[in-house]
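Enquirer: Mind looking over this structure? Questions follow.
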Amino acid sequence: MNGVSEGTRGCSDRQPGALTQGHSCSRKMNASRCLSEEVGSLRPLTMAVLSASFVVGVLGNGLVPWVTVFRMARTVSTVCFFHLALADFMLSLSLPILVYYIVSRQWLLGEWACKLYTGFVFLTFSTSNCLLVLISVDRCISVLYPVWALNHRTEQRASWLAFGVWLLAAALCSAHLKFRTTRKWNGCMQCYLQFNLENETAQMWTQEVFGRQMAVIMAHFLLGFLGPLAIIGTCAHLIRAKLLREGWVHANRPKRLLLVLVSALSAGSHLT
């Protein structure tokens, strides 16, 4: 759900973007179908990927919270991984709704369900990204300042930080609660982002609506991808440099971990 659909007056003959990506005015649509021919041709593959992700995500991420709570000692790391697995588990649970949307080719659950579902997806996805950043910073501090970390890293502080991450993610997804709406197009109901509000003049539209659209796009890109990537990359570089100075033979492991995290962030931002 990365990217922003356009529900604007400037293109009255445009199909509003659904849960995925906005469509351009020039895209030719088949009036007898609710999705474009390009999207329709990818439906089987998309459904297979989402179904597999649902099964693996629910089983894998559902096991991690149980293990961290009942089978492991409570530490800063287990607190962070518990919340990370919980966010990913919740995101996995939402995938059947997306599969249902793809099967029906339109949004049939109403406007408030449109707002709540997209807000929920961005809440869990943003929480997962922010927790990856928190884990990376925690690892970096532990390696660079071990004495300070030993005296100040506590489970209680980790829990408060994790709670703060959830609040930050909730703030990031608030735009979907405000601007998400539904609209019929060619007889098919779509769930999309509508940036022009009621009682706005044409002059206000150009400035205000475009500003809202760009603000949401930049917030998602900077806070959902580029920002976490920069922080995680910096932490991995600092850890690797410290380990190399100390002659650790496995100093390249943080680099490989960074590649895995980058792949996860990139794949997640495009899948959603």
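Please read every residue number as a count from 1 along the shown chain.
Glycine too: its Cβ is placed from the backbone N, Cα and C atoms.
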Enquirer: Among Cys173, Cys188, Cys191, which cysteine does Swiss-Prot link to Cys114 through a disulfide?
Expert: Cys191
Enquirer: Per Swiss-Prot, is Ala73 on the side of the membrane where Thr154 is?
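Expert: Membrane side for Ala73 and Thr154, as annotated in Swiss-Prot: identical.
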